[in-house]
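Right, one structure below, let's go through it.
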Amino acid sequence: MKKLSARRRHPLAALVVLLIALAATGGLYATFAPADKAQAQGESTSQQDKIETGKKLFTVGCASCHGTGGQGTTDGPQLVGVGAAAVDFQVGSGRMPLQQPGAQAPRKPRVYSDDEIEALAAYVASLGPGPAVPESAAYAPSGGDVARGGDLFRTNCAQCHNFTGKGGALTDGKFAPPLDGVAPKHIYEAMQTGPQNMPAFPDKSLSSQDKQDIIAFLDEVNGDEAPSEGGFDLGGLGPVAEGLFGWIFGLGALVVVAVWVAAHTAKAKKS
Amino acid sequence: MSTTTTTSTRRGKAPAGEKIADWADGRLGIYGLAKANMRKIFPDHWSFMLGEICLYSFIIVILTGVYLTLFFHPSMAEVEYTGAYAPMHGVRMTEAYASTLDISFSTRGGLLVRQIHHWGALIFVAGMALHMLRVFFTGAFRKPRELNWLFGFLLLVLGCVAGFTGYSLPDDLLSGTGVRFMEGAILAVPIVGTYIAMFLYGGQFPGNDVIPRFFSIHVLLVPGIMLGLLVAHLILVFYHKHTQFAGPGKTNNNVVGMPFLPVYMAKAGGFFFLVFGVIAIIAGTTSINPVWVLGPYRPDQVSTGAQPDWYMGFSEGAIRAMPAWEWNFLGHTVNFGVFIPLVVVGILPALIALYPFFESWLTGDKREHHMAERPRNAPTRTAFGAAWISAYFVLMIAGGNDLWATHFHLSINAITWFVRVGLFVVPFLVFVFTKRVCLGLQRRDRDKVLHGRETGIIKRLPHGEFIEVHEPLPQGEMHRLTSHDQYAALEAGPSVDDNGVVRKQSLVEKLRVKMSQGYFGEENQIPKPTVNEYEEITSGHGHH
Amino acid sequence: MSSGSENNMSPEHLPNEQDAEGTVAVPGADHPFADPGLPAHQPRKQDIDEKAAKRSERVVAFLFLLSMLATVGFIASFVAFPVDDIRYVWPLGHVSILHVMLGVTMGIALFCIGAGAVHWARTLMSDVEIADERHPIAADEETRSKVFADFQQGAAESGFGRRKLLRNTMFGALALVPLTGVVLLRDLGPLPEDKLRHTLWGKGKRLINMNTNEPFKPEDIETGSLSFAMPEGLEYEDHDFNTEIAKAALMLVRIAPDEIKDQQSADFGVDGVLAYSKICTHVGCPVSLYEQQTHHVLCPCHQSTFDLSDGARVIFGPAGHPLPQLRIDVDDEGYLTALGDFEQPVGPSFWERG
């Protein structure tokens, strides 16, 4: 016990206590924090009722910002003519309905079920002509040329979304989101409709096949099975992450080794 | 060292070993060297091994670099890729990029060597930076080591040059962006910029010459100079003998430690393998610069998050934080948006490189210093160093502002503004804070010497007062805490001399007095305890 | 420094000069802060306990053996695993198994040699601390005067100071001869001339879509979209493709005419279709992080921000002037064409830009 009381005067004692306290707090929080509850309830609706159902959902969930007929208000843009693809992307990726105003709407767990999204899309599509939700044959990664997709991605997309779709910053807190784990359908729809501040890449400037090539490339380099041949990929963020890792784990490990090499060997009798 | 040929002293082999040694001595005169150096003493301290990390990682980088040249084609001729990496099939790229893919995917172990080379290079430069800071904060740059300090600094600068040119060689989209940036930076140099750019790139950017030229610089020119500097650096380390921290038995006139043979040879030799082993394991498990997902360079393509390797981060930051200033006059344009940051990027390292000469001018101290100082005992220097680091860090933050923005949900514009202001404010705050901390630590040392160590044992005196028992420090410890030098501040001389004539004091001299007051004046260092004070307290009313 | 007497705070800003030469007053043992000298050596467990020493020996030998095994493992991995074998390795991800195996075995082989040697040094080699004397770096006065005398004799014998003609012509020759090397560098590259002022764009050149390789019509460019164009006649296979595209790269946007704030900018375009240089005026990165709602375009390298609805005015960041805009029109067949080259040099500023 005497040892402990002597050690508590050690200059690093306060740091150790702080670290233990932080670890304990974090651990307790992680243990007891409420888990996100998935909420989704499916309810099948017949084809004819879709628009009607969509309209009801729209009036409750969307009209406050987008206007009762989708004509837009000061709080939200007009939705006439954006098409089903835009709705499927915005609602399907959880961006809409908006949780809180901010620089831009982030991706989050979606609120509506597949059927509800379909109904909403049908309703908005009925307001004016716009891009339809693409068929799965159009965006299946297997139908694309990875190498060409990479080239197209670097010309059209990488400037905002990074080499392999890890995302990046835009002005004033806006950002191009990372594309990890984004469904191919949503990637296709985003290129087609240009959500929020993303420019659109309509078929005349980036053909349907081009889009599929890009999706194939992303699936190759950014999918769940994407290989990272050289080992752990450090988030794919490039030199900043590599520099941090090099300092902390590279040089850090070597300093630890150096401390061992230079330290005096334990004496037989502790003085 | 040439002493290595005489290391074998095992009895069984002795006669043969001796014969070889005699043969070598007859031709090289190695016994003279060995006599002086075989049992040369090296002090043990972990921070003294940072330089070794640099030395060993440099060797590792050279070894792996030689291997890479066997496979790499430094050519900008365009080819259509048909190699082993399927996702690039049919893409047009330079031979430099294609051969990098081949090293990574068709050569067994090629990827490992590439990654050892790159990780080794990052750690090499990081090690040099840390080594430099160790030398700075312990005052180990003082006479007679100022020249070696400069050699080391040049090695650091050349290490960055080697790093930048090497990073550019694969001609991928990330490094090509850096090469493009370099063109813009050169064009921003007034008067001669356009010509230098044309000469470096062999015409307009990117041309067909820059990769082979960078290759020559990277594998021949820069490593050649570095090797020379490194040898000079090591010879001087040997010649000056290493510094040491204060402690019982350690004086300015000796060096205490273990002999080169056998202990240091085993430790230093072993440390080489340890460094190589750690880097190999990192390289085997952690990806670095996966150029195959970055794509080949094309001047009309770019990716967000385009950053240089860490050691160029501060220059990147200086340029990102710069406001848009551009001058047009008399038919000429000066791009201050690039040019001023370039000047800052030159000045910031120069400040630290020239600091030893400033300090020796300030103190006027011509003596040799072989004791490594504790940073707290040179509060103003330590505060300056910390402020310098903080300025460097602020610029590093600017260099990665886009990543901080996305990962901490901040506005990139806000970060840039923070840097614009912070570059001037943060170093000032850090300076003041560090100095206070150093003075506080000096006070604590003083208290420890005069009043002993707090034991944590609380005693109740007969009249009810509680006191904590203080235990006097052992003599060695008291010596350690009081053996440092303390300069007295310069005083401004009298304004008139003995004959009543007004003395002319140059501005420089006045500045020197002012600076000296700032370094060693009453408020700026805590006088170390004197024996008289100590005896007064110990003989007087016991411990407190 | 233990020079200077500790019981007297030196009032001088420097301790006496004699102290500097190392004539340290060795304080007596009565002095409480005096240097007690090197502490006596204390044995390690291995020094006094042969069993402990044997244990250390076994650890070291084990490490060396482990290194041997790892080297064998390295060779085996090199032979056994194909170069293109990707497998999942926790926690690294899907990695080249050959690469990871080679790295780890090589790392262990090297690390164990080092660890063994250091453990050997730390536990079995003598750890008695020894003090080595230092000697002043500067030479003593005798040596110094001998060197100067020798030098003066040598200088005098050379006649260097006396024969001024020889000296001066030699300096002249030595000063001139490096010029041969400088002159040889002349052909590193051509002179700038007006190369940086011109791009491949010219009157009547169509705007080719870089994705589809087809010429653009105005109706291909929708409001809120972003497209990239290169000049007609430039082919990916051209040997100078990179050099030309580095200046000619173009981005096309369409902005509703009532949102265009700059009249000249609107006039340069066709029905709100505006063609701007893609090359940043700061250091030349391709700027194309286009925000279609704000019409801001951001450079990913240094965050210069241009407002495309206002003539690409710089609204943030270090770029010094707007992105040059290409004047475009529609030709008889309805395709977008350039009306000439850029009126200003594209890309980063340079001294002669004016």
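Residue numbering: from 1, along the chain as shown.
Each residue, glycine too, has its Cβ placed from N, Cα and C.
Remember, it's a predicted structure, so these values are computed and weren't measured experimentally.
Copied over from TrEMBL, here are the features:
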SIGNAL    A:1-23  signal peptide
DOMAIN    A:49-128  domain 'Cytochrome c'
BINDING   A:C62, A:C65, A:H66  heme c 1 binding site
DOMAIN    A:144-222  domain 'Cytochrome c'
BINDING   A:C157, A:C160, A:H161  heme c 2 binding site
TRANSMEM  A:244-263  transmembrane segment
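Mapped onto this structure are the features recorded in TrEMBL.
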residue : record                : Cβ contacts under 8 Å, 6 or more apart
A:C62   : heme c 1 binding site : A:G70, A:G76, A:L79, A:M96, A:P97, A:L120
A:C65   : heme c 1 binding site : A:T73, A:D75, A:G76, A:L98
A:H66   : heme c 1 binding site : A:F58, A:G72, A:T73, A:G76, A:P77, A:Q78, A:L79
A:C157  : heme c 2 binding site : A:G165, A:I214
A:C160  : heme c 2 binding site : A:G168, A:L170, A:A176, A:M198
A:H161  : heme c 2 binding site : A:G167, A:G168, A:A176, A:P177, A:P178, A:L179
Spatial neighbours of the transmembrane segment (A:244-263) far in sequence, C-beta under 8 Å, 6+ residues away: 234
For the domain 'Cytochrome c' (A:49-128), mean pLDDT (0 to 100): 88
Chain B, Cβ under 8 Å: which of the binding-site residues A:C62, A:C65, A:H66, A:C157, A:H161 qualify: A:H161
Binding-site residues among A:C62, A:C65, A:H66, A:C157, A:H161 whose Cβ lies under 8 Å from any chain C Cβ: none
A:C157 (heme c 2 binding site) in three-state DSSP notation: coil
